[in-house]
Ligand SMILES: O=C(O)C1=C[C@@H](OP(=O)(O)O)[C@@H](O)[C@H](O)C1
Ligand SMILES: C=C(OP(=O)(O)O)C(=O)O
């Protein structure tokens, strides 16, 4: 969690004087937007993406695909399905009426891809690059050099790709596209990131033999994200065999096929809804998130259960998901392995609870945007908290907290977690709140809007 830069900008996190009462329209899902961009780029006909997330991670994905020859046109959509309910806070209002037209073409190198610190870009695109006809160089933020990529690099080599890297199993690297990839059977240890599996499956319909991915590791985190990959592949016509619909455990098969261009409306990002739901819980208030899907593969849907257990109640109606805090916050003992990206926000709420919490199953968070276990421990403890790291998570014993600087380590979810604590603790200042631009560029304005500022 070394700080890559010293940011002098401190954002005074607003303190909530009373209970929040707001409707917050959350922009589109990062994970859905970036999968949809990849699938639409590999399709045999143009497609549409409506209400895409426009944030650093998705703009990097779009820019990278453009560099490989894909046409991605931003337009204002005439048939946007934006909510009819009058929201009091809208993140990225332009995004709600916006659509991206994706026009696939032959994939070409040479090209250069900046992955920033986006796991989806650094992992989903090397397989696409293997289908181009030239060298594609990948690099990104300093932290991107530390995030695991060996599962993708080693697997692509087995499947027939030529890749130059420095032998660490990480960025920077160059994929020498050969115009096509054999594909076939490959073992992958995806215990450090589910994105290894998703990456190989997403491009697999375009491999000559498709792919059979066999996960060999002990644990596999973030299963909902793999389900999302499988669902989205099927929705564009791919044939996928997988463990959850009767296949062999830990084995996914994708057959070679053409992919359809589709018209997809992106769901709101439920993981980015988390801080707003947490605000209802922490202040004993009420927050409604419009367009919460009835059925979804997004891990954020688990918040309905987790935050209810921590002291609130929720109701899914035509208006969206309404979460109501009870005025009390309880600790929780929970395995977050399936929904790791929710950990910082849950830790923030747990630090304000009336009993201890144990968060388990998230050792892989040490290799996320920052070492999230170390960062949460340090930052909450510097405000007077009592957090200890375990082998695979955190134990959080609530203590009276005081104000101070909450460092973010270039991690969007650290910034939003600090803001949640700031609702209940006067004098919390978030260092580099602008890092929320990774997935939620309008966060500070949305937060102030929620509080009626
Ligand atoms: O595929 C995806 O869209 C994601 C998968 C998860 O990654 P890990 O399995 O590496 O945790 C998640 O944490 C990340 O935010 C998004
Ligand atoms: C882990 C995350 O992102 P990435 O897609 O960069 O892995 C996250 O958004 O919490």
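Including glycine, each Cβ sits where the backbone N, Cα and C put it.
413 is the only one of 219, 397, 413 that TrEMBL places in the phosphoenolpyruvate site (with 30, 119, 147, 195, 372, 438). Checked against ligand 1, the binding-site residues 147, 194, 413, 438 give 194 in sequence order as having a Cβ less than 6 Å away from one of its atoms. Taken as a whole, the domain 'Enolpyruvate transferase' (19-445) shows an average pLDDT of 95 in this prediction. Between the listed binding-site residues, namely 194, 195, 222, the fewest other CB atoms within 10 angstroms of a CB are found at 222.
Spanning the residues 30, 31, 35, 193, 194, 195, 222, 341, 368 that the record associates with binding 3-phosphoshikimate, the maximal Cα-Cα distance equals 19 Å. With residue 119 (phosphoenolpyruvate binding site) as the anchor, the candidate binding-site residues are 35, 194, 222, 368, and the one with the nearest CA is 368.
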